[in-house]
Amino acid sequence: MTKLSVNINKIATLRNSRGGNEPNVVRFAKDAQRFGAEGITIHPRPDERHIRYQDAYDLKSEVYTEYNIEGNPIAKFMDMVLEIKPTQVTLVPDAVDAITSNAGWDTIKHRDFLVETIKEFKNNGIRTSIFVDPVLKQIEGAKETGTDRIELYTEAYAHQYGFGNKDAIQPYFECAELANNLGLGVNAGHDLSLDNIRFFKENIPGLLEVSIGHALISESLYLGAENVIQMYLHKLK
Ligand SMILES: CC(=O)[C@@H](O)[C@H](O)COP(=O)(O)O
Ligand SMILES: NCC(=O)COP(=O)(O)O
């Protein structure tokens, strides 16, 4: 079974554009879960341009599905995650000024840092996942870090699928198969959408969770959030 985790960053982007508290991220998270979402994802960035650290705290008592917090484990982020204790933390190696995530970890170069960081989260009962490119040696490196799961960075797949290039799934298939064999759980995310999700799901063995934000919120403007979440759940069956 593949769980759908709804990334609500974009709700905060809209809210922040006017000040005030509309749309309300806690209300949206509650509604998304009521509509069937099996998790809520947030990715607070150091400049807090969308989800703010305070939102992460406000959501804690309202997320009764899986709470996934993504981000670069700088000190402020680590303190916040260790205090909130979400279901899962996903480590993403973003530069401070990144517009959006644009690369996975080099799990070989940053092995020692990842080992230490992951140990700290796991000692606090938080499941860990690390964002990686679909490269076999990075999956082998991920295994060495002690992480529970990987999150496959799907931007390249989504982009190529949009051009009709279905072969773009191949490195993801191979990496997922390797991860399964190594005992690593497999998550995926970035630019997944109603158009490309079914083919991805059908071809990735043991896909445990997808986190989807930008497309899902955009599609919801046209079709409504309840419809859209139901459509994803149907495609993920
Ligand atoms: C790791 C990942 O792919 C997502 O968390 C994505 O980066 C969302 O972040 P933004 O909403 O800031 O684009
Ligand atoms: N981890 C990926 C995520 O949470 C959402 O990414 P996107 O759908 O906004 O590209």
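A Cβ is built for glycine as well, from the same backbone N, Cα and C atoms used for every other residue.
Nobody curates TrEMBL annotations by hand; they come from automatic prediction.
Quick look at what TrEMBL lists:
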- Asn7, Arg18, Asp191, Gly213, His214: 3-amino-2-oxopropyl phosphate binding site (BINDING)
- His43: active site, proton acceptor (ACT_SITE)
- Arg45, His50, Thr100: 1-deoxy-D-xylulose 5-phosphate binding site (BINDING)
- Glu70: active site, proton acceptor (ACT_SITE)
- Glu151: site 'Transition state stabilizer' (SITE)
- His190: active site, proton donor (ACT_SITE)
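Each residue contributes its Cα atom, and for Gly213 (3-amino-2-oxopropyl phosphate binding site) and Arg45 (1-deoxy-D-xylulose 5-phosphate binding site) those atoms are 15 Å apart. Nearest neighbour of Asp191 (3-amino-2-oxopropyl phosphate binding site) by Cα distance, taken over the recorded positions His43, Arg45, Glu70, Thr100: Thr100. Close to ligand 2, meaning a Cβ under 6 Å from one of its atoms, is not one of the binding-site residues Arg18, Arg45, Thr100. Checking the recorded positions His43, Glu151, His190 against ligand 1, the ones with a C-beta less than 6 Å from an atom of that molecule are His43, His190. For the 3-amino-2-oxopropyl phosphate site, whose binding residues are given in the record as Asn7, Arg18, Asp191, Gly213, His214, the maximum C-alpha distance rounds to 26 Å. For the recorded site, His214 (3-amino-2-oxopropyl phosphate binding site), the DSSP three-state label reads helix. Counting only same-chain residues at least 6 apart in sequence, those with a Cβ under 8 Å from the Cβ of Glu151 (site 'Transition state stabilizer') are Thr90, Ser129, Ile130, Phe131, Val132, Asn187, Ala188, Gly189, Ser211. Among the recorded positions Arg18, Arg45, Glu70, none has a Cα sitting within 10 Å of the Cα of His190 (active site, proton donor).
The CA atom of His214 (3-amino-2-oxopropyl phosphate binding site) is located 12 Å away from the CA atom of His43 (active site, proton acceptor). Same-chain residues with CB within 8 A of the center of the Arg45, His50, Thr100 CB atoms, the 1-deoxy-D-xylulose 5-phosphate site residues themselves not counted, are Asn9, Thr13, His43, Arg49, Ile51, Ala98, Ile99. For Arg45 (1-deoxy-D-xylulose 5-phosphate binding site), the same-chain residues that are 6 or more apart in sequence and have a Cβ closer than 8 Å to its Cβ are Ile51, Gly71, Asp94, Val96, Ala98. Among the recorded positions listed here, namely Asn7, Arg18, His43, Glu70, His43 has its C-alpha nearest to that of Thr100 (1-deoxy-D-xylulose 5-phosphate binding site). Cα distances from Asn7 (3-amino-2-oxopropyl phosphate binding site) to the recorded positions His43, His50, Glu70 are smallest for His43. When the recorded positions Arg18, His50, Glu70 are screened for a C-alpha within 10 angstroms of the C-alpha of His43 (active site, proton acceptor), the residues that qualify, in sequence order, are His50, Glu70.
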